[in-house]
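What TrEMBL records for this protein:
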type: ACT_SITE; residues: K78; note: active site, proton donor/acceptor
type: BINDING; residues: G178, L179, G180, H181, V182, G183; note: NAD(+) binding site
Amino acid sequence: MHSVNHGPKLERLVRLEDSKSGLSGYIAIHSTAYGPAAGGCRFKHYETDAEAEADAARLAEGMSYKNVMAGLPLGGGKAVIRLPDRPFDRDQLFRAFGQAVERLGGEYITAEDFGTSMDDMASVAKATRHVAGLPVKDGKPGGDPSHWTALGVKVAMEQAAQVRFGKPLSELTVAVQGLGHVGFELCRLLHQAGAKLIIAEPRAELAARAAVEFDAQVSNCRNLLTAKADIFAPCALGGVLTRDAALHMRAKLVCGAANNQLASSEVGTLLAGRGILYAPDYVVNAGGIINVAAEYLGHSSAEVKHRVEATGERLMEVLNFADRASIPTNRAADTLARDAITAARLAQTDKAPANTVQPALAIPA
Ligand code: NAD
């Protein structure tokens, strides 16, 4: 394993290479200005090293933004591991990854992401303590964070619905795309809040369950964007807000859990131009990382709840800033996040401890 500098965007890029276990990939550290770089470990097929490196860098930057906007004492990082094209021992591979994390001495904290599981993190934990997403112990934060992500999205949606429609969720219809870990739980919370639901999910058994449990109307996956709903909640794939989607969507508010919803930042401008309020994804879907952070930092479940329930307030700061600056909400969030990271970096350069600068949207723990 060796480390190389990667230009101005990343603080550090670590190449992962261990021929014995088949480990190959990168750890990208975008920022440690607010604390150790935290972000999950993605395990999937990449055609080339360059593709894996670019993904790690992009995702690490995204984690810096998400963490700072959640008011967490964490920077942003991400690991990507290439799925080996020959048979491999999963435990051995993730142990080797854990050794690489350990060598960074706490500069990077890992957790689950696409393609990795709690079992994989248990393998990582054999080699390092700088890992979260492990099974819950004694009622403390840990385990699958999806219900916290769903709660954060729901409280953000409540606030945004007041801004956009001046109405509570009980008077609105929400189109939920994807009923996986987060989407299904979000439907439960929205149903409890009295919202009407239209759902789309390729796994027919999940859609059928939601139809019965939440009195939801089932839509074809292709038609959901044009369904007669007030709110669109993407909880499946990234990149779902394309130019075309923005031009044809019927909903006037977008608020959901999926990461990287906007196919490009120009789509944010297009949505704003059509009077569609976009609740920036990384501001509203931070419940998962708040839980992961609490697990690592030793915070209680009550603190997690408090921070997740404040998601609506943090979103309001972004929406108010967008309004004052007359810019689309995605640009408002990016600007606030970048400014906070730059301020913390400057404070570091001045030799002041970074934690003397509060995140722009910090909330009390
Ligand atoms: P998941 O894999 O459990 O669920 C995704 C669901 O979407 C699946 O049921 C899948 O069948 C469905 N789906 C796929 N294509 C679809 C389509 N075209 N239309 C409708 N449904 C479709 O994932 P998850 O953990 O629920 O996460 C959902 C999204 O939220 C992802 O983008 C994830 O990155 C993001 N996210 C999740 C968390 C978390 O805590 N799990 C935290 C932050 C962000």
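Here the Cβ of each residue, glycine as well, is placed from N, Cα and C on the backbone.
Remember, TrEMBL labels are computer predictions, not curated facts.
Sequence features, as recorded in TrEMBL, placed on the structure.
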residue : record                             : DSSP (3 states)
K78     : active site, proton donor/acceptor : strand
G178    : NAD(+) binding site                : coil
G183    : NAD(+) binding site                : helix
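Taking the centre of the Cβ atoms of G178, L179, G180, H181, V182, G183 as the NAD(+) site, the nearby residues of that chain (Cβ within 8 Å, site residues left out) are S146, F184, E185, L186, E201, C235, A236, A257. Taking the C-alpha positions, the distance from G180 (NAD(+) binding site) to K78 (active site, proton donor/acceptor) comes to 23 Å. The separation of G183 (NAD(+) binding site) from K78 (active site, proton donor/acceptor), Cα to Cα, is 24 Å.
Of all Cβ atoms in the shown protein chains, 17 besides its own fall within 10 Å of the Cβ of H181 (NAD(+) binding site). Counting only same-chain residues six or more apart in sequence, the Cβ atoms lying under 8 angstroms from the Cβ of G183 (NAD(+) binding site) belong to A150, V176, Q177, I199, E201, A233, C235, A236, A257. In sequence order, A200, E201, P234, C235, A236, L237, A258 constitute the residues six or more apart from G178 (NAD(+) binding site) in its chain with CB-CB distances below 8 Å. Around the residue listed as 'active site, proton donor/acceptor', a 10 Å sphere centred on its CB holds 28 further CB atoms from the protein chains shown.
For L179 (NAD(+) binding site), the same-chain residues lying six or more positions away in sequence with a CB closer than 8 A to its CB are C187, I199, E201, R203, L206, A207, A210, C235.
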